[in-house]
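Student: So TrEMBL has the following annotated:
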| type | residues | note |
| --- | --- | --- |
| TRANSMEM | B:7-24 | transmembrane segment |
| TRANSMEM | B:30-50 | transmembrane segment |
| TRANSMEM | B:57-77 | transmembrane segment |
| TRANSMEM | B:83-105 | transmembrane segment |
| TRANSMEM | B:112-128 | transmembrane segment |
| TRANSMEM | B:162-180 | transmembrane segment |
| TRANSMEM | B:210-235 | transmembrane segment |
| TRANSMEM | B:247-272 | transmembrane segment |
| TRANSMEM | B:284-307 | transmembrane segment |
Amino acid sequence: MDILIQQLFNGLTIGSVYSLVALGLTLVYGILHIPNFAHGALYMLGAYVTLTMMLLWNVPYWISMAISVLVVGLLGVLMDRLVFHPLRHAPPIHDKIAAIGMLLFLEAFAQLIWGADYRTMETPYGQVIDLFGMTVTMQRVLINIGAVAVMILLYLFLKKTYIGATIIAMAQNREGANLVGINTNRVAMLTFMISGGLAAIAASLSAPINLVFPGMGHLVILKAFVIIILGGMGSVPGAILGGYILGFTESLGATYISNDYKDIIAFLLLVIILSIKPKGLFSREGF
Amino acid sequence: MMSFLKKRGWVFGLILLAIVFPFLSQNDYFLHVLTLSFIWMIAVYGLNLLAGYTGYLSLAHAGFFAVGAYALGLLTVKAGINYWLALVLACLITCAIGFLVGLVALRTKEHFFAIYTLCVGYIIYLVIDKWDSLTGGVRGLIGIPAPANIGPIAFDTDLSQYYLILFFLILTVLVMYRIVHSLSGRTFIAIRNSEELAQTIGISTMKNKLLAFVLSTFFAGLAGALYASFIRFIGPDIGYITIIFDFLTYLLVGGIGTLAGPIVGTFLIVTVSQSLQFLQDYRMLIFGPLLTLLIIFYPRGIAGAFIDWRMKRSLKKSVAMKQKKRYVQPQADSDTEKRIKEG
């Protein structure tokens, strides 16, 4: 029983991180219909920027994270402007390949600057606490609280603000949004900014319990794709729900099935879902 | 025959150059690199048939490459089967797995297909990596034999293997030429241009897509099997996603959906990255942006850009001719137009 609760908590933690990454991915997909393979690289860079801030200039954890959000968000905007914008009217195969090109570049870039070795990130919240009979580190609790807070903020932003409404409008109908006077280019840039920022938050939160290395985005991004297919491409609640489903499945699968094959679980899940429903589990209905 | 020679003369020139190359350069290293690039080319041709001609971007082909390599390795090392039989079996096994995957994967479209195949590729990699008792896990598989003798011809030297793989490459190009210019090839292009339209005019799209998928896994498997017997050692890394990105780079730089593309792209990138050896892990710093820029400005790669340029020139010429002579040349005109439409 103890193990079960512990594993459920672990699943919650992993799920929070996955959800944040998948949220960024699903936002971009909803707006531009691009499966952004380079999103994993943004996640990886988010961790590195935070790490560098903390190590090099001894910037406090939270401020480092804020800087990282800003830097990676701007990188996302740059990506949109330089690559996806010119490809707007290209066949769908092209922006996938362009995204792969950027992924390769950003990975090589990280390896050039920070080296290929695995690094650990120190956290000011390393202490172990007792939570409802479980012994967990403060950082894990923080990941859960942080992720949920960010999700609520994002939800409020999308539903309650004017700018958020323009994003939703554009996701629902690009031409229509254009007709009523929404600057779709600006909304696209904003979406990329948010998407990059979410990746940076997810990476900065989870880096202390994982390792930081150039290839750290690979598995996470693959799983994020699984999640957004699970939750319906472009759906925000779907991404959150899918993230937690995958998190729980994985941590329970690792305990009760096999730790070696825990990564396969996610992909098998996807293969099964797409085999039964080729268009994903839920069809998209604009957030 | 003469006009064919005139038109396709450069093809024979290239083949001749490839045949005499070992005598021009005594450098074993070049020979090794060239042989490797031939193997990549075969795999890239497979990918080209699916992504370039049928319009389905499969990210599982590194996995199929690895399946071919491991099938040959396991059959020869663990089962002790004759090499040539193992080679045939390796291709068939890859096709069989490709058939099963394709059956399900091809029900999905566009982004879903790319993501689905990406996950299939990753599953293949993980299975190879974790299934220790069969594949040797991270340690890999060693002691794969070189191709067995055919009568008096032995394949134990680098030179003989070079010719063997060159032979397979030429065979691949020939087969690919036949496929693309057959009714099936035309059907693939029709599916790429518009699947709905193809369906409307009575093409069984699923059957043809599956055919393209299985054919393309066949070439990936063949390349993998040849790779295994050439390098004599394989590890799970050959199925990792970075390999499919390499294939894509070769294909994109050369020209997706063109017959010359795989050769041009692979040769260029392999030679350039060999001369940039000092960059090793950082070569993607150059190739990543290159790939992206290429997709934006030259979506059909070097070969595609060349074909477009030649077509435009011939169009201009015919227009100029028309103005000069004041009569229409329906034959040449409709021919160019047809080629433009077929892309």
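Here the Cβ of each residue, glycine as well, is placed from N, Cα and C on the backbone.
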Student: If we skip the immediate neighbours and take only residues 6+ beyond the ends of the transmembrane segment (B:162-180), which ones have a Cβ under 8 Å from one of its Cβ atoms?
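Tutor: Residues packing against the transmembrane segment (B:162-180) from afar: 15, 18-19, 22, 31, 34-35, 38-39, 41-42, 45, 48-49, 53, 147, 155, 188, 215, 219, 222, 226, 230, 259, 263.
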Student: May I ask which of the stretches B:30-50, B:83-105, B:210-235, B:247-272, B:284-307 has the most CB pairs under 8 A with the transmembrane segment (B:112-128)?
Tutor: B:83-105
Student: Which residues of the same chain, at least 6 past either end of the transmembrane segment (B:83-105), have a Cβ under 8 Å from a Cβ in it?
Tutor: 58, 60, 64, 67-69, 71-72, 75-76, 113, 116-117, 120, 145-148, 150, 209-210, 213-214, 216-218, 220-222, 224-226, 229
